[in-house]
Amino acid sequence: MGTRGLALALLAAVLLLQTVLPAASEAEGLVRIALKKRPIDRNSRVATGLSGGEEQPLLSGANPLRSEEEGDIVALKNYMNAQYFGEIGVGTPPQKFTVIFDTGSSNLWVPSAKCYFSIACYLHSRYKAGASSTYKKNGKPAAIQYGTGSIAGYFSEDSVTVGDLVVKDQEFIEATKEPGITFLVAKFDGILGLGFKEISVGKAVPVWYKMIEQGLVSDPVFSFWLNRHVDEGEGGEIIFGGMDPKHYVGEHTYVPVTQKGYWQFDMGDVLVGGKSTGFCAGGCAAIADSGTSLLAGPTAIITEINEKIGAAGVVSQECKTIVSQYGQQILDLLLAETQPKKICSQVGLCTFDGTRGVSAGIRSVVDDEPVKSNGLRADPMCSACEMAVVWMQNQLAQNKTQDLILDYVNQLCNRLPSPMGESAVDCGSLGSMPDIEFTIGGKKFALKPEEYILKVGEGAAAQCISGFTAMDIPPPRGPLWILGDVFMGPYHTVFDYGKLRIGFAKAA
């Protein structure tokens, strides 16, 4: 072959490679982790276990999204219904683990080979320090309390492989105790937190920070695409270093991070069927949390949503007592333009001006002793009063008569979310259910019934549950919404660490 022939052959080879390989500008700095999705499983989900006719004390009982101390949001997390997982490696050579990539926490932990007395450890992959040439001993004790379980162990250091990246000298927790059923039935081995270092247990530097420090990503941005259209197989993708335009439609709406720790931002009004609930008209805090499968919000609003979608609820005797004994008095105070947050204290149902005397105990679960609080469950009459004020205020804004308002609030007393965290709905009624809209960055983000109703099982045995669950965070951190996978599925989500902002766009 002559020189010209060789040149032509090389040119043809280059052109062929360009057709089969992505352009360097597209692939450079982007690390893709495929996510697997599993359907919600009747055996592992938290069942309601209650019929709509049962009377329950308001906010009492075993709510899986609430810790005994009413403490940090991490301590409220419920991984029982987790659906999206990815694979990482720890050590050299890499030992494989399936993890939840969780923007609502900041630590990496995996089961340890030295976990001898927890059955959960024997059902999952376990880290063997002696099998890794890059292991470094640390030994500092660590523990994390979640809403539906806990882990304890100690810190170690090793290389962590995420996609094609190798993060060196990463601190992580070797879990030697995994009590309870949560991690026993879990389909994942551990959790990789993508929150801020401010909430990291033991002040360990999160994996994401190490990626940036070691120059492993070109841009300090990661993004989530959760595929909600499949039951199994391709569940989506998390991309470190940027985003893939194929995963979203249009432009992202960005909002600034308002408080580092969680990916927290300010959210505006919540609308049900196009009508304001009034609860967040003046603004609410929200966090984008990939480690939460449902969408959690204040009980007062979740109850209104339940009523509109026909979700089975539980009857609250405290709520009904408020309506019958204090309803007219509350209405009169609202009509007299009394400051709403002061009403429940004026009628003698709350200790302070609309607060419950709860400590500001929303904090990181680090090395401190748990913060004790008299919390929401200690004063159900105060909680019921505060909800009634919200409901009545909203109805007055719609110019409803006093009789209609009292009747409506009494109906809501029959629709309170189950203490077990889930509410069943009629699978055949999706067509009559309203859209639920969240105002973010001045734009409305709607969830359609088929997006917020989750189907469990198939055929005649199928059940449908609401994707909304109640969770009350007291001031100063709350009221707070947690936008989990129910929201992040329909909306591609960008976590921009460099500019401290979060972006949402319609998922492709």
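Every residue, even glycine, has its Cβ placed from backbone N, Cα and C.
Listed features, source Swiss-Prot:
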type     : residues      : note
SIGNAL   : 1-27          : signal peptide
DOMAIN   : 84-505        : domain 'Peptidase A1'
ACT_SITE : ASP102        : active site
DISULFID : CYS115-CYS121 : disulfide bond
DISULFID : CYS280-CYS284 : disulfide bond
ACT_SITE : ASP289        : active site
DOMAIN   : 314-419       : domain 'Saposin B-type'
DISULFID : CYS319-CYS413 : disulfide bond
DISULFID : CYS344-CYS385 : disulfide bond
DISULFID : CYS350-CYS382 : disulfide bond
CARBOHYD : ASN399        : N-linked glycosylation site
DISULFID : CYS427-CYS464 : disulfide bond
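Taken as a whole, the domain 'Peptidase A1' (84-505) shows an average pLDDT of 87 in this prediction. Candidate disulfide-bonded residues: CYS115, CYS121, CYS385. Nearest to CYS350 (disulfide bond) by Cα distance: CYS385. It is CYS427, among the disulfide-bonded residues CYS344, CYS385, CYS427, whose Cβ has the fewest other Cβ atoms within 10 Å in the structure shown. Reduced to three states, the DSSP call for CYS427 (disulfide bond) is helix. Closest in space to ASN399 (N-linked glycosylation site), of the recorded positions given as ASP102, CYS284, ASP289, is CYS284, taking the CA atom of each residue.
Counting in whole angstrom, CYS121 (disulfide bond) lies 39 from CYS284 (disulfide bond) by their C-alpha atoms. The Cβ of CYS464 (disulfide bond) lies under 8 Å from the Cβ of ALA424, VAL425, ASP426, CYS427, LEU430, ILE453, LEU454, LYS455, VAL456, each of these being in the same chain and 6 or more residues away along the sequence. Among the recorded positions ASP102, CYS115, CYS284, ASP289, CYS385, the ones whose Cα is located within 10 Å of the Cα of CYS319 (disulfide bond) are CYS385. Comparing Cα positions, CYS413 (disulfide bond) lies closest to CYS280 out of the recorded positions ASP102, CYS115, CYS280, CYS284, ASP289. Annotation: ASP102 are the recorded positions among ASP102, CYS115, CYS280, CYS344, CYS382, CYS385 whose CA atoms are within 10 angstroms of the CA of ASP289 (active site). When secondary structure is read from DSSP and collapsed to three states, CYS115 (disulfide bond) falls in the coil class. When the CA atoms are compared, no recorded positions among the candidates ASP102, CYS115, CYS280, CYS284 lie within 10 A of CYS385 (disulfide bond). Of all the active-site residues listed here (ASP102, ASP289), the one with the fewest other CB atoms within 10 A of its own CB is ASP102.
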